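A.B. asks: Swiss-Prot lists these features:
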- 14-55: domain 'JmjN' (DOMAIN)
- 79-169: domain 'ARID' (DOMAIN)
- Ser291: phosphoserine (MOD_RES)
- Ser307: phosphoserine (MOD_RES)
- 314-364: zinc finger (ZN_FING)
- 697-749: zinc finger (ZN_FING)
- Ser884: phosphoserine (MOD_RES)
- 1174-1235: zinc finger (ZN_FING)
- Ser1342: phosphoserine (MOD_RES)
- 1473-1487: compositional bias 'Basic and acidic residues' (COMPBIAS)
Amino acid sequence: MEPGCNEFLPPPECPVFEPSWAEFQDPLGYIAKIRPIAEKSGICKIRPPADWQPPFAVEVDNFRFTPRIQRLNELEAQTRVKLNYLDQIAKFWEIQGSSLKIPNVERKILDLYSLSKIVIEEGGYEAICKDRRWARVAQRLHYPPGKNIGSLLRSHYERIIYPYEMFQSGANHVQCNTHPFDNEVKDKEYKPHSIPLRQSVQPSKFSSYSRRAKRLQPDPEPTEEDIEKNPELKKLQIYGPGPKMMGLGLMAKDKDKTVHKKVTCPPTVTVKDEQSGGGNVSSTLLKQHLSLEPCTKTTMQLRKNHSSAQFIDSYICQVCSRGDEDDKLLFCDGCDDNYHIFCLLPPLPEIPRGIWRCPKCILAECKQPPEAFGFEQATQEYTLQSFGEMADSFKSDYFNMPVHMVPTELLEKEFWRLVSSIEEDVTVEYGADIHYKEFGSGFPVSNSKQNLSPEEKEYATSGWNLNVMPVLAQSVLCHINADISGMKVPWLYVGMVFSAFCWHIEDHWSYSINYLHWGEPKTWYGVPSLAAEHLEEVMKMLTPELFDSQPDLLHQLVTLMNPNTLMSHGVPVVRTNQCAGEFVITFPRAYHSGFNQGYNFAEAVNFCTADWLPAGRQCIEHYRRLRRYCVFSHEELICKMAAFPETLDLNLAVAVHKEMFIMVQEERRLRKALLEKGVTEAEREAFELLPDDERQCIKCKTTCFLSALACYDCPDGLVCLSHINDLCKCSSSRQYLRYRYTLDELPTMLHKLKIRAESFDTWANKVRVALEVEDGRKRSFEELRALESEARERRFPNSELLQRLKNCLSEVEACIAQVLGLVSGQVARMDTPQLTLTELRVLLEQMGSLPCAMHQIGDVKDVLEQVEAYQDEAREALATLPSSPGLLRSLLERGQQLGVEVPEAHQLQQQVEQAQWLDEVKQALAPSAHRGSLVIMQGLLVMGAKIASSPSVDKARAELQELLTIAERWEEKAHFCLEARQKHPPATLEAIIRETENIPVHLPNIQALKEALTKAQAWIADVDEIQNGDHYPCLDDLEGLVAVGRDLPVGLEELRQLELQVLTAHSWREKASKTFLKKNSCYTLLEVLCPCADAGSDSTKRSRWMEKALGLYQCDTELLGLSAQDLRDPGSLIVAFKEGEQKEKEGILQLRRTNSAKPSPLAPSLMASSPTSICVCGQVPAGVGALQCDLCQDWFHGQCVSVPHLLTSPKPSLTSSPLLAWWEWDTKFLCPLCMRSRRPRLETILALLVALQRLPVRLPEGEALQCLTERAIGWQDRARKALASEDVTALLRHLAELRQQLQAKPRPVYTSATACDPIREGSGNNISKVQGLLENGDSVISPENMAPGKGSDLELLSSLLPQLTGPVLELPEAIRAPLEELMMEGDLLEVTLDENHSIWQLLQAGQPPDLDRIRTLLELEKFEHQGSRTRSRALERRRRQQKVDQGRNVENLVQQELQSKRARSSGIMSQVGREEEHYQEKADRENMFLTPSTDHSPSLKGNQNSLQHKDSGSSAACPSLMPWLQLSYSDEQQL
């Protein structure tokens, strides 16, 4: 490339092949197949099948190697020439005691070599100066014009290059008459070269190989010297023209400092533009521009005069031959000659100090050839891991990016830039040519010590295994016994980025194959063999300096040249990137080179095939001309293969025969020439037993085998017969022939090869005669098959003739198979495609043209005659259309049996298909036929589109299409009606159905519409029937009709009315449920309204209650023993209700008797065998705290059931003592099994009945409610009659008087100390003790002494217990029994009546007060009161904390914390709300359901009013009564 052209253009890609698995099985065969294409490029790339992935078999832990060191810019030929030139010019100045500094021009180091070459090409220095063409020189160096760079280049050339050129040409003894130039600018910055010889550099650290670092090293440090004490140094001021002596390396030191000397070597030649003011200097060129600076190591001394004459004669100037002026004589340190300083060119003004050599020594030193270039070995040994770490680190640091992200194109351009750069030194390492036997191959090897897996064994024997390929049967190298490293034995390569392999061809011009096991790509460049000599010529032309000293430079694998440079000179170059798992093949004499893109591992080996033999012979002649050593003897290889011809592959045998013939002819010619020279002596020599260095020609270095010329007098050498005149000067009689075979033995070997080679020719002649029918006789199939078997058995090559034979056999077999298909019958022909008539005739012609005698040809002729006869009949039938369909079908069946496709059969097929289709259409559309579906019609239309057109078919197809369009349109309408949200009325559906009656197609949506209309009509009829019946319809019937009506896709006006009725009925039932049912009740409304069917069975009743409480019991409609149908008859329901009342009464009486017989839990001891009561919790109630139900007489835990509250009785006042009317206290207890509902008042029930009368719907619950109301009113009438009797009225009047008396008495006081004693002591307390305490005045707390709000209602009630006396009335049995029966019947009613309460007071007053029950109730109420106070305090604390938290969180909290506080605050508020709601519900239900009658208990009304105040105040009568203590007995029951 021209200087400055740094842009690299990638060459075209080489061929890439991807063999199939079948092709991949024969490696050398596949390479031979692609050779005609790939050989034109020199290299090719092969991608194995994707599944072919051999395992990596190298022992990674033991793999250690020492890489080579590669300095990139020394690899490229032109760059190396430049560096060698710099070495020479640097040596030129170094010999004179100076060092070279390379100037910078335009901020780039000046290319001195290119400048020198261009000056020579332009005619030389004098011509350029004369023609003023320095600007052209700058232009050719690619410097920008217009900056006066030409003058600057001229200055640098004159100062640095021109003196060296003068010394090289020997013109240093001639004066140069050029004139000095004026007004020159000052030099640019210079950088020292200081380049030692490359091969003399000892390896050191990785970074020390940089040439640039050495060339750009700083100037030597000056040496401190005491100048004041050295008179010689004082005199050294200026040496002739040029700058001051800055390169002397000396500087004055301070007097106070110790003297020490720094040796600086070498000194410097400093080139400057400035001229000095010396007046006595010469005007020669070198005097103007050079100042030679002496070295400080040694000081040159003048020769002193000696008294001896012999010394005097030696002090003579070699120029003028005079010895005078000895003070001006210079002594040469190289040859000891003397020169006057004024006789030199240029003359020197004074004697220089330091080393000095004369011009003759300088010229001799510069003329020495450079040492041969080669790679150095690194000092560090690597493992794969350590080398990989180093390589990846170097690449990532160099490109400043991850190694896998560096583009290959960028890296390729950077590589060629680096190898062409003289100022940038990049050094890499390459683990190349590593012998596999030391560390193992990358492929599995069969003879390895390790046990191979089945998969590894498969790869170990694969032909693509590089250990196997060189020794395959078709390979030539398998006949070489020695393991030739790199050729027959693979070499391993471990590369890093920029590590390169230079332009080269393989030894003996053999093939090579390279496999990249893993790692980053390897970039290859290849040149075909036809351009190999052209490449050598171009490289010699561009770099003659290298090839003059090393003619075999390209064989040393140390030289690169840019592919763009080669391509610019007409050399065809291709490239490729070899990725992991890919092969690269190089062909014989194909030059190739490349470099690695990064860290990778490759393996390579050579192989030789039969087609290589001519190239191998030409290579030996080429080596002979270059005097290069051979790797093996080509003649020995040929003779060894010829000695065993039967073991050779046939292709190889043919090629060896040709080469052997040429070799024998050449040997005869050479021996004849030897005989003509007069050499007659000869002796046999087994050359193969001699070492190669003992049988090499001393002239051309060729390894001899067939013969050699030796001399008795010169036993140390021999020559090949091509150089018989170069052995020695001895007489021919003293020379003798050393031969391996005689001339008679060689033809014998050639004949054996010929037999092996001609065996194929004999076979080929037989095949040729058979295939060409040259003798007029066709061979039988068996004879042709025998020829093919012979080729397979004798391993004949896969030649064109063999392929023709195989093709012929394949055609014969195909014809026989077709004939058998024709004549073997219809069944055998069903699976095989039919032949056309044309194909039948072609088959007949083919059978006649084949070179094989086939007796089946007669059968084919018979079939052809039958087909032609059938054609005539078919044409006659088609000509007389319309023919009978049966006739057409029979003709078609006969044609199918022929096994041949006749053109007329196709027409018959069309006619039959048309007739069949038309029949199907008629049958589908016939009025009497069953209507077909849309799918059938569409199928007919699709079939009609496939058959051939005719007028009748087209008409039927159009009608069918129109019918299908109409049907699909009505189907869409029906679908819309079925799926639309807005339902259509029945009239619309009827209209759609009427329109589709005449369509002869079954329409699914229309059918669904019909069914929906039918169901709608039936639904309307059902609605009319139930609406016009004798009774209102039942709710269940209406709900069923509504559910059915909603599912119908028809708009029904009656549906909306029914939905309204059902909604109203549900609303009434929900209202009734809220009125009767407790919250979370386990009973249904109907169960509550009806009499309890199992009232007499305690166990059944209790188990059912527990099952319902657990959600396990499901009630049915048989509450009254009626079925669902009987519930629809009002009369049956009333009769069943009456019977249920009687059963309930009988059952409760039986239950009371049973439970009364059970022992009381309050008794001191219980009999183990006696039956006991069981609480709802499943345990036996015992001890204090057990309560007995007033209805069923069973016992329960007070804490397991809801109990009445005594505080719901009238409150005491400060002036009266109504609490002493104990018979009015609410001590009545009904268990949850007896009290199943809220028991609303009769007025509420009557309101529900009024609403029920307005419903046009019958509900079982409504009728049950009516029965319950009638039962309650009936009981109320009987109770009123009983209470209105004279005896009972008198008793009631007496009770009223007692109450008035109690109200007139002052309020009793109670002591705080003994207030709770009766509760704590239980039933054992003595009333007299309590009364005694009451008389003690010290412990009495008067109402005036009580602090407001601190009185305790519980303590007050407890203190009144001792004062309770009774009975207050005497009830005769005649009065008591009816009242108790009424009381029992009233308790069975799920209704609250005032008469019930009045009867309860009478019965209570007629018996002593039940102090045990009162104490139990007080204890339970006290326990509940304490729990309520605890909940109240917790609630109050939460409210306060909430306020504090809200106030604190308002200030400086972030949004997230604020939301969290709000969430917690809302949780607290919801909890508070639930607590307040809980208490409010209890209070409301207490006030709603347990308000006593004002007629009989006037005090209760005031008590009720006083309890409705939730907040206690100082003016309240009893401030300690909290609202949550007003929980009623009814509320506790529902909780």
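Cβ from N, Cα, C; glycine included.
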A.B. asks: Roughly where does the domain 'JmjN' (14-55) sit in mean pLDDT, to the nearest integer?
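C.D. replies: Looking only at the domain 'JmjN' (14-55), pLDDT averages out to 94.
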A.B. asks: For the zinc finger (697-749), jot down how many residues DSSP puts in helix, in strand and in coil.
C.D. replies: 14 helix, 14 strand, 25 coil
A.B. asks: Pull the DSSP breakdown for the zinc finger (314-364) and write it out as helix, strand, coil residue counts.
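C.D. replies: So the zinc finger (314-364) is made up of 10 helix, 7 strand, 34 coil.
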A.B. asks: Count the residues of the domain 'JmjN' (14-55) that DSSP assigns to helix (H, G, I), to strand (E, B) and to coil, and report the three numbers in that order.
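C.D. replies: Counting residues by DSSP class gives 16 helix, 6 strand, 20 coil.
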A.B. asks: DSSP on the domain 'ARID' (79-169): how many residues come out helix, how many strand, how many coil?
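C.D. replies: Split by secondary structure, the domain 'ARID' (79-169) comes out as 62 helix, 7 strand, 22 coil.
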